[in-house]
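S.K.: Pulled the feature table from Swiss-Prot, pasting it below:
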BINDING   G66, G67, S68, G69, A70, G71, K72, T73  ATP binding site
COMPBIAS  236-248  compositional bias 'Low complexity'
DOMAIN    34-261  domain 'ABC transporter'
REGION    229-249  region 'Disordered'
TOPO_DOM  1-419  topological domain 'Cytoplasmic'
TOPO_DOM  441-460  topological domain 'Extracellular'
TOPO_DOM  482-497  topological domain 'Cytoplasmic'
TOPO_DOM  519-531  topological domain 'Extracellular'
TOPO_DOM  553-568  topological domain 'Cytoplasmic'
TOPO_DOM  590-644  topological domain 'Extracellular'
TOPO_DOM  666-675  topological domain 'Cytoplasmic'
TRANSMEM  420-440  transmembrane segment
TRANSMEM  461-481  transmembrane segment
TRANSMEM  498-518  transmembrane segment
TRANSMEM  532-552  transmembrane segment
TRANSMEM  569-589  transmembrane segment
TRANSMEM  645-665  transmembrane segment
Amino acid sequence: MQESGGSSGQGGPSLCLEWKQLNYYVPDQEQSNYSFWNECRKKRELRILQDASGHMKTGDLIAILGGSGAGKTTLLAAISQRLRGNLTGDVVLNGMAMERHQMTRISSFLPQFEINVKTFTAYEHLYFMSHFKMHRRTTKAEKRQRVADLLLAVGLRDAAHTRIQQLSGGERKRLSLAEELITDPIFLFCDEPTTGLDSFSAYSVIKTLRHLCTRRRIAKHSLNQVYGEDSFETPSGESSASGSGSKSIEMEVVAESHESLLQTMRELPALGVLSNSPNGTHKKAAICSIHQPTSDIFELFTHIILMDGGRIVYQGRTEQAAKFFTDLGYELPLNCNPADFYLKTLADKEGKENAGAVLRAKYEHETDGLYSGSWLLARSYSGDYLKHVQNFKKIRWIYQVYLLMVRFMTEDLRNIRSGLIAFGFFMITAVTLSLMYSGIGGLTQRTVQDVGGSIFMLSNEMIFTFSYGVTYIFPAALPIIRREVGEGTYSLSAYYVALVLSFVPVAFFKGYVFLSVIYASIYYTRGFLLYLSMGFLMSLSAVAAVGYGVFLSSLFESDKMASECAAPFDLIFLIFGGTYMNVDTVPGLKYLSLFFYSNEALMYKFWIDIDNIDCPVNEDHPCIKTGVEVLQQGSYRNADYTYWLDCFSLVVVAVIFHIVSFGLVRRYIHRSGYY
């Protein structure tokens with residue numbers, strides 16, 4: 001393994017990432033059926049990684065092989081520092097210790113399953129992510145150029161305007177790879193990049209990685225080369241004229257050993273280097289966990305790592321692995337896939353006891369003292385490199401909020417059909433309530449009860465519609481939030497604020513539309529100002545309900561659990577809302593209810609100016625003569641500030657719900673890794 005000390009041949013020393021004595025522990029999942037006993041019993045830990053040590057240098061394409069549960073993904077996440085929890089050991093770059101934030105700047109992690117917004121096109125997704133992943137001073141033209149290079153480099157030219165949900169599995173995998181290449185990282189970590197792909201797509205993905213690791217040509221491509229010769233309008237409205245300054249694309253000749261498989265495949269061009277990237281003088285290095293690769297794919301890897309039981313039992317060049325096994329008496333059969341042979345040998349009881357132990361001992365012996373001599377001389381170089389990387393400046397927080405709001409609204413527009421269906425049912429409810437209470441007329445004793453019932457239904461419908469409409473949000477979005485926030489794409493606070501703000505215009509629109517249908521048949525005699533004030537209050541109730549719904553959503557990682565646990569909260573809020581019981585009997589508790597603030601403000605606005613209510617001739621029945629008496633009967637306040645105090649209270653309740661919800665989501669995000 002003396003090769004590690006060499007130069008990259010690209011204008012500077014090689015960058016080498018070394019991991020030393022990595023150990024990872026997780027709690028034992030074996031539990032008793034009795035929760036009390038689970039709390040009292042001593043917690044045990046399982047050791048997932050055991051003294052894992054190794055290295056990778058620029059130019060390497062490494063495959064991590066092992067059976068199920070061998071620790072492949074855990075090792076990948078530990079090296080890339082995307083793993084949280086009880087992890088011990090060191091990760092160093094040319095002998096210098098690496099912090100988590102430094103690692104995320106010089107590396108990218110390609111997850112096993114694609115995590116992105118499915119309603120975006122391939123171009124839109126990459127262009128959107130370029131705003132977050134490129135330096136804040138990068139111009140829009142440079143971002144569009146980078147996206148053009150990426151789409152061509154990963155072979156997605158013809159799918160640039162296709163929505164992600166319509167792409168094939170191989171295309172989605174290559175799009176995910178293109179996203180990770182936006183920052184021009186030195187190290188690529190790929191978790192089973194061929195899973196779920198056919199042999200051709202799997203080969204093309206690994207071949208793309210081989211290109212990135214073995215070449216560093218600068219190849220700039222015009223937008224016309226990516227999107228065709230026709231004029232293409234960019235998101236900013238600019239048009240790329242046909243044939244203006246287009247450069248020919250250099251294509252690589254397919255290796256003879258794979259001509260039969262790829263005879264129709266045009267080779268992918270090398271990717272251009274970012275103008276402000278410190279990585280331009282380096283090859284890349286990629287390390288992939290991979291499950292049962294074909295022989296064609298296996299031959300693309302320059303090195304392999306074999307794992308068994310959380311231990312590394314071999315690391316070395318791909319072509320040298322057969323000799324190691326042969327020396328131990330395990331001859332590689334003719335016409336046999338080497339990867340299958342190695343895994344079968346390790347899985348065999350005899351091979352697991354003999355070959356695994358001997359290979360592990362040999363590996364530990366050869367890696368002892370690996371980073372002495374020339375690598376120590378490269379420390380100052382890697383230090384300068386890290387300083388350059390740390391000069392990266394992300395876009396400002398307020399711009400993150402703006403871009404995320406654009407993404408949320410774009411998703412809603414792309415899913416307009418389901419949105420219209422939901423809005424249709426919402427309006428059916430409004431029409432139904434309007435027909436039920438359309439007989440209200442005059443100011444009589446009957447009107448008091450009917451108006452109270454209609455206002456109660458208005459409040460209920462707005463709160464329940466918006467609270468239950470958002471309970472699914474965080475359980476569905478946690479994977480993408482955990483990954484993008486963990487990678488430093490944007491801050492969690494920016495995501496949360498953008499999410500909340502995106503609901504505000506919807507709340508006001510639906511609040512006034514819903515009230516319009518009912519107001520036209522029930523309250524029209526009271527004037528336009530009452531309509532405006534009631535609509536504003538209903539909209540605030542919807543905003544507060546969003547906070548309540550998001551709170552329920554953040555309590556659990558399952559939307560089903562969130563919906564089921566909402567029932568006791570709903571019951572408490574309804575009881576203390578002022579309709580089902582006299583809230584004066586439980587002073588103080590009424591202020592916990594959203595329904596109380598909403599009902600009180602709506603009732604106040606309707607009744608406070610009413611000075612005369614008709615009484616029946618029969619004096620044996622109680623008679624309410626003024627609007628103030630109506631409010632007093634319902635235990636509602638009648639002071640001049642009541643309406644605005646309730647509006648302010650709804651805002652405060654919403655803020656409290658959001659603060660608690662943000663804390664819960666933050667706990668979920670930082671509790672586990674983002675890989």
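Cβ coordinates are placed from backbone N, Cα and C, and glycine is handled just like the others.
Please go over these features one by one and say how buried each is and what sits next to it.
M.R.: With a cut-off of 8 Å between CB atoms and residues at least 6 apart in sequence, the same chain places I48, L49, A52, M307, G309, G310, R311 near G71 (ATP binding site), listed in sequence order.
The predicted model assigns the topological domain 'Cytoplasmic' (1-419) a mean pLDDT of 74.
Sequence-distant contacts of the topological domain 'Extracellular' (441-460), counting only residues of its own chain at least 6 positions beyond either end whose CB sits under 8 Å from a CB of the stretch, comprise 433, 514-515, 518, 522, 534, 538, 541, 574, 577, 579, 595, 598-599, 602-603, 606-607, 610, 612-616, 621, 623-624, 630, 634.
Among residues of the same chain six or more beyond the topological domain 'Extracellular' (519-531), those with a C-beta under 8 A of the stretch's C-beta atoms are 434-435, 437-438, 440, 451, 454, 605-606.
If one looks beyond the topological domain 'Cytoplasmic' (553-568) by at least 6 residues along the same chain, the residues whose Cβ comes under 8 Å of a Cβ in the stretch are 467-468, 470-476, 478, 660-662, 664-665, 668.
Long-range contacts of the transmembrane segment (461-481) within the same chain, counting only residues at least 6 positions beyond its ends with a Cβ under 8 Å from a Cβ of the stretch, are 115-117, 422, 426, 429-430, 433, 492, 495, 499, 503, 507, 510-511, 514, 538, 541-546, 548-550, 552-554, 556-559, 562-563, 566, 570, 594-595, 598, 665, 668-669.
The list of residues near the transmembrane segment (498-518) in space but at least 6 beyond its ends in sequence, with Cβ under 8 angstroms from a Cβ of it, reads 400-402, 404-405, 408-409, 412, 423, 426-427, 430-431, 433-434, 437, 454, 458, 461-462, 465-466, 470, 473, 531, 534-536, 538-539, 541-543, 546-547, 550, 658.
Long-range neighbours of the transmembrane segment (569-589) within the same chain, counting only residues 6 or more positions beyond its ends whose Cβ lies under 8 Å from a Cβ of the stretch, are 452, 456, 459-460, 464, 548, 552, 595-596, 598-600, 634-636.
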S.K.: List the helix, strand and coil residue totals of the topological domain 'Extracellular' (519-531) as derived from DSSP.
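M.R.: Per-class counts: 8 helix, 0 strand, 5 coil.
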S.K.: Name the residue among the binding-site residues G66, G67, G69 whose Cβ has the smallest number of other Cβ atoms within 10 Å.
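M.R.: Counting other Cβ atoms within 10 Å of each of the binding-site residues G66, G67, G69 gives the minimum at G69.
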S.K.: When DSSP is mapped onto helix/strand/coil, what comes out for A70 (ATP binding site)?
M.R.: coil
S.K.: Which one, from the binding-site residues S68, T73, has the smallest tally of other C-beta atoms lying within 10 Å of its C-beta?
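M.R.: Taking S68, T73 as the binding-site residues, the minimal 10 Å Cβ count falls on S68.
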S.K.: Can you give me the residues near the recorded ATP site, meaning same chain, not G66, G67, S68, G69, A70, G71, K72, T73 themselves, Cβ no more than 8 Å from the center of the site's Cβ atoms?
M.R.: S289, M307
